[in-house]
Ligand SMILES: C[S@@+](CC[C@H](N)C(=O)[O-])C[C@H]1O[C@@H](n2cnc3c(N)ncnc32)[C@H](O)[C@@H]1O
């Protein structure tokens, strides 16, 4: 089995320096360690990504120059060591010794002395280093500067709460498959199994676990009695309000959480479309577990002329590709993989999907536009622009302040993830 700290450093190097996603790197690395170490690997990778600017600052202060070239991965070994010393309850001597052992396992005995010396200096100077990091906003909040500025402009009163939430471990929500049990029935089953949880009236299919757990310990999980899905994501299917016999398009469907939910709520015909064929396979797997069927289509939602058979849809869910800035606590790599310029590119793609999918909706039909973003460019601004450009689009308020000029419902990370929804129908 591999050294868990060495693996963490390699994953972090691939994510931060090579632009790979944590979702692809972490499962691959986790195969190389045993059970308990899998959790430690995840904790270290998530933690370093949460506090990256602070850890970079410490290294900047302690190294004459950053480690480069073939030695670059050892910069990440230092982050792993410092993260354990500052943020984890690992005894200090063990954190240093284990990190130095990681260097040994990476066949770089020549660097053992340097890593050991830097970590020991860090221990001695930790208080001063922390104080100096707190004077730099990017280190104080551990988010990219461009993102902090965008949040400050959009949420002058709550931007700091959003940043704080992004640094927390995400809660684990379940979605109860209403075809198997009511939420109350499933809650009783969890009580019987001693799995502590709560419910919230806003989320009628949702159950919040007090502590994350292995899904296979949940009653009926293998048979599809429940799925793991954040509460905010569970609103999509409820807002779409699918009815038996509807023809529904889920235009950006993978990995299929919302497709499954739609089918759990109604005996509808669903076309689950996605541009990424590997991700589309996960839709098939998820449908298989819950024992429901949809037609999976590998295609580009912005070019329906290449795949649409001209039968209009009763309802369309557009859960468009987005910056994912509402789910940073689940994917802390997003902070470092996203660039400010991506937001304009994403907004352009979203506008194109919305414009090209709209003609596929039946007169009188419903379209739900959704993102897991907290940025107005992808949300209210996007939908407001569409409404002004589209004569047959009718805006439906989801709450008292949802207007055609400032449309939609913005949820911020907290009890649920950060999500945005807007509801439109087509004139008859
Ligand atoms: C936010 S995710 C969808 C999550 C999904 N609705 C769920 O609940 O599991 C966005 C999806 O859009 C897909 N996508 C990106 N560009 C697309 C396009 N032009 N046409 C169709 N799908 C696209 C991505 O592959 C990704 O799976």
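Cβ coordinates are placed from backbone N, Cα and C, and glycine is handled just like the others.
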Per TrEMBL, 252, 253, 254, 255, 256, 257, 258, 300, 319 bind S-adenosyl-L-methionine; matching candidate in 230, 274, 277: 274
Extent of the S-adenosyl-L-methionine binding site in Å [max Cα distance among 252, 253, 254, 255, 256, 257, 258, 274, 300, 319]: 19
For residue 300 (S-adenosyl-L-methionine binding site), nearby residues of its own chain (Cβ under 8 Å, 6 or more apart in sequence): 275, 306, 307
Listed recorded positions (252, 372), ranked by Cβ neighbours within 10 Å, top entry: 372
DSSP state at residue 258 (S-adenosyl-L-methionine binding site), helix/strand/coil: helix
Model confidence over the domain 'SAM-dependent MTase RsmB/NOP-type' (162-427) (mean pLDDT, whole number): 97
Under 8 Å by Cβ from residue 256 (S-adenosyl-L-methionine binding site), same chain, sequence gap 6 or more: 272, 282, 283, 284, 286, 287
